[in-house]
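Below is one structure, written out as structure tokens; comments come after it.
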Amino acid sequence: MRSISCSKEYAEDVRNLNIRPEQLDDFFGQKDLIQNLKVFINAAKTRTEALDHVLLHGPPGLGKTTLAQIISKELRVSFRATSGPLLNKAGDLAAVLTTLNAKDVLFIDEIHRLNRSIEEVLYTAMEDFCLDLLVGEGPSTRTLRIDLPPFTLVGATTRLGLLSAPLRDRFGIPLRLEFYSFEELVDIIKRGTKVFSAEIEEDAIQEIACRARGTPRIALRLLRRIRDFVEVKDNKKITHKIADSALSKLGIDKMGLNKLDVDYLRFLFNTSGSVGIDTISIALSEDSGNIEETVEPYLVKISFVKRTPRGRVLTDQGKEYLSLQY
């Protein structure tokens, strides 16, 4: 079995552990979600039970991994992490689950990428805290039942629609993370500047927040790259002028859109009517999954694009943006 590891996004986040909040009270944004999660965690602790299984879903970079880690810290239990693509067979899942202690948190990132055979094994683990594994071959095949301690599965996905209904329904606490407000991103960037020991003007912070697509991961990534420009030029402070110049060099416009976003919008503009995702994928030479996960959510949020049963449609706001930019 491949060892428990991290997805690409999880590995990127690990490099910034000192930026992450470690308790719910320090978590910026997602106010209603956080308040509800506090209730669920405190109730589980009061009953001395394992927290019910949690499903975190929403666009990339909004804090799903961070929340999973905070849940384990709030519960004061161990945290184990893996991802859907790493669990190729039932034995892989069994090897992970049998290492858990009572009430531990198991985090499965990209849970929508679990294959169906693994999902079926997971059903009994989630509901009955046991594993039913087939042992042997042919006529000698038998079922081996392994009892498990009560545990909490925290699944994370950017593609909720790809989860099978039976798996989705086994999560007692489904939580959707939303894009962050401008004010919340400003607070997150300020925290980042303290960790990076970076001196920065308020106008520069606001400029980064405006271009961060409502996403903390992007905000902190842009902050790091701007800091690179500052250090190479031996400047002492991140000014608004420096931030604006660096972001332009990075290909990030005033709305936070990059070349792929603009190419997507222009293709819709040049195509009459609605357009299917596969057609867009071929035209842009870009994976359709990446378009659905990283491009479309923000364009839909800012009302540049509508997703309809017949395909994607450029809105009047999207057309106006293109007319002003090009």
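A Cβ is built for glycine as well, from the same backbone N, Cα and C atoms used for every other residue.
Proximity of I19 (ATP binding site) to non-local residues of its own chain (separation of 6 or more, Cβ distance below 8 Å) is seen for R191, G192, V195, L220, given in sequence order. Here Swiss-Prot flags I19, R20, G61, K64, T65, T66, E127, D128, F129, R170, Y180, R217 as ATP binding site.
T65 (ATP binding site) is surrounded by 24 other CB atoms, counting those within 10 A of its CB over all protein chains shown. The Mg(2+) binding site annotation in Swiss-Prot covers T65.
Secondary structure at R312 (DNA binding site), as computed by DSSP, is strand. Around the Cβ of R312 (DNA binding site), the number of neighbouring Cβ atoms within 10 Å comes to 22. Among the features that Swiss-Prot reports, DNA binding site is placed at R307, R312, with the record citing sequence analysis.
According to Swiss-Prot, the feature region 'Large ATPase domain (RuvB-L)' maps to 1-180.
Under the heading region 'Small ATPAse domain (RuvB-S)', Swiss-Prot lists 181-251.
The region 'Head domain (RuvB-H)' annotation in Swiss-Prot covers 254-326 and rests on sequence analysis. Taken through DSSP, the region 'Head domain (RuvB-H)' (254-326) splits into 43 helix, 9 strand, 21 coil.
Ranking the binding-site residues F129, Y180 by how many other Cβ atoms lie within 10 angstroms of each Cβ puts F129 at the bottom. For the pair formed by Y180 (ATP binding site) and R307 (DNA binding site), distance between Cα atoms is given as 21 Å, rounded to the nearest Å.
In the three-state DSSP reading, Y180 (ATP binding site) counts as coil.
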